[in-house]
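Visitor: Attaching a single structure in structure tokens format; questions to follow.
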Amino acid sequence: MSHSNPPRPKRFSATGPLTGRIAVPGDKSISHRSLMLGALAVGETRISGLLEGEDVLATAAAMRAMGASIARGDDGIWSVNGVGVGSLLQPQGALDMGNSGTSTRLLMGLVASHPIHTVFTGDASLSGRPMGRVIEPLSLMGASFEASTGGTLPLMLRGISPAVPIRYRLPVASAQVKSAVLLAGLNTAGITTIIEPVPTRDHSERMLRGFGANLEVGMENGERVIAIHGEAELRPQTITVPGDPSSAAFFVVAALLVPGSDLLITNVGLNPTRAALFDVLRDMGGKIEEQKRREVGGEPVADLRVRHSALTGVEVDPAVAPAMIDEFPVLFVAASLAQGTTTTSGLDELRVKESDRLAAMAAALQLAGANIEEREDGLVIHGTGGDALPGTPRDTGVVTHLDHRIAMSMAIAGLASRNGVEVDDTTPIATSFPTFITLLGDAAA
Ligand code: S3P
């Protein structure tokens with residue numbers, strides 16, 4: 001799980017048009033939550049379309065270590081038999097979270113209100129990421145921590161029961177912090193309240209309700225307020241996970257950039273707290289058409305028909321950042337090929353993702369011949385006006401820093417380059433999108 005595998009470099013080069021129809025794997029955020037909530041419901045939760053990427057498998061392993069039975073059927077449907085809220089067992093060893101910030105932060109919340117202690121470890125990327133943002137509210141609820149210097153992994157968390165319900169205003173726009181506190185609130189008597197000045201992805205709220213938790217969402221002075229009533233009893237569910245818009249994003253940009261492309265991406269989740277990239281790309285002139293809009297598992301879903309388009313640079317409103325926070329790396333690739341300048345700002349959070357995504361993408365795109373200015377809180381990109389990027393020099397790969405989205409974004413840049421783009425390591429792609437390279441081959445066949 002922790003990427004001890006040797007790096008696997010690969011050169012991505014121009015292909016024919018992307019055509020036909022593809023389906024991307026299940027949503028990562030919803031997959032994690034399905035396993036966690038299933039593990040807290042007494043009885044059998046059945047999940048179809050679960051993302052079988054390393055990050056989600058790390059969550060599955062952790063929930064097993066704390067007492068849940070989790071198995072994949074031959075039909076691809078996952079079955080989870082949970083232990084009940086308040087009944088997580090003391091894990092015998094450390095929980096290896098691999099590369100997954102979502103597993104770590106959400107599970108820290110879950111165990112914080114259980115009377116167990118848990119050690120969290122992770123790979124080099126995860127071990128550099130800030131956990132203070134969850135340590136702070138969970139400490140207010142009564143949990144205690146021994147973290148590495150700087151509030152990072154490895155860390156030990158001593159949970160507490162009964163925990164203290166809190167009213168907490170999110171200092172950063174983070175669905176992971178929000179979810180950690182809500183999950184801690186599940187086993188906390190009384191009402192735990194989160195105030196969210198800037199809305200972030202709301203899968204936790206939707207799914208907690210779906211599992212039968214008593215959760216209220218309202219607005220106070222223009223801010224979202226989410227209240228969860230504790231000592232909840234969750235009921236097992238049958239869940240269908242929609243396709244991940246963050247994975248679809250790579251194919252959307254690829255089809256926009258490669259001349260002649262006309263690609264149908266089926267079953268893409270379009271929760272408004274996730275889908276801002278598609279609006280920004282449409283503003284740039286991208287031909288992205290929604291077909292068969294419907295609901296899957298309580299989430300809006302559609303098929304996306306994407307055709308090659310001439311793109312124009314835009315100024316991206318920082319207010320939409322949380323609704324496309326994982327999509328900026330691939331937006332930077334699209335902007336590098338657009339006519340004119342694209343300006344992004346308010347993206348400080350990108351510096352604490354699986355890598356510093358502003359620095360990593362600026363360096364990678366510059367190596368591929370794009371014209372990029374890196375600022376403190378965003379990138380300014382002067383596009384080629386549709387001309388292919390030169391590509392990376394022979395034998396010099398862009399550095400992915402154990403970050404799946406840097407690897408996949410630069411793979412897409414390779415499709416729009418004259419000499420190809422060498423990616424130093426494709427192994428991190430398996431954390432969120434194990435079928436990425438195969439699907440790219442299928443779409444461009
Ligand atoms: C996620 C929230 C986001 C996102 C991550 C998944 C989630 O992180 O970047 O990939 O599932 O809650 P932040 O909450 O740190 O913004």
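A Cβ is built for glycine as well, from the same backbone N, Cα and C atoms used for every other residue.
Below, the features straight out of TrEMBL:
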- 1-20: region 'Disordered' (REGION)
- 15-438: domain 'Enolpyruvate transferase' (DOMAIN)
- LYS28, GLY101, ARG129, GLN176, ARG357, ARG405: phosphoenolpyruvate binding site (BINDING)
- LYS28, SER29, ARG33, SER174, GLN176, ASP326, LYS353: 3-phosphoshikimate binding site (BINDING)
- ASP326: active site, proton acceptor (ACT_SITE)
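I'd like these features described in context: how deep, what's nearby, how far apart.
Guide: Away from its own ends, the region 'Disordered' (1-20) comes close to residues 54, 57-58, 61, 96-99, 121-124, 251, 254-255, 258-264, 308, 388, 391, 397, 402, 410-428, 437, 440, 442-445 of its chain (Cβ-Cβ under 8 Å, at least six residues beyond either end).
All chains included, 23 other C-beta atoms sit within 10 angstroms of the C-beta of LYS28 (phosphoenolpyruvate binding site).
Long-range neighbours of SER29 (3-phosphoshikimate binding site) (same chain, six or more residues apart, CB within less than 8 Å of its CB): THR102, ALA175, ARG201, HIS203.
Around the Cβ of ASP326 (3-phosphoshikimate binding site), a 10 Å sphere holds 23 further Cβ atoms from the protein chains shown.
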Visitor: Calculate the distance in Å between the alpha carbons (Cα) of GLY101 (phosphoenolpyruvate binding site) and SER174 (3-phosphoshikimate binding site), and round it to a whole number.
Guide: 12
Visitor: Could you tell me which of these binding-site residues, ARG33, GLY101, has the greatest number of Cβ atoms within 10 Å of its own Cβ?
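Guide: In terms of Cβ crowding, the pick is ARG33.
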Visitor: Sequence order is fine: just name those binding-site residues in ARG33, SER174, ASP326, LYS353 with a Cα within 10 angstroms of ARG129 (phosphoenolpyruvate binding site).
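Guide: Taking ARG33, SER174, ASP326, LYS353 one by one, the ones whose Cα falls within 10 Å of ARG129 (phosphoenolpyruvate binding site) are LYS353.
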Visitor: Ligand 1: which of the binding-site residues SER29, ARG33, ARG129, ARG357, ARG405 have a Cβ closer than 6 angstroms to it?
Guide: SER29
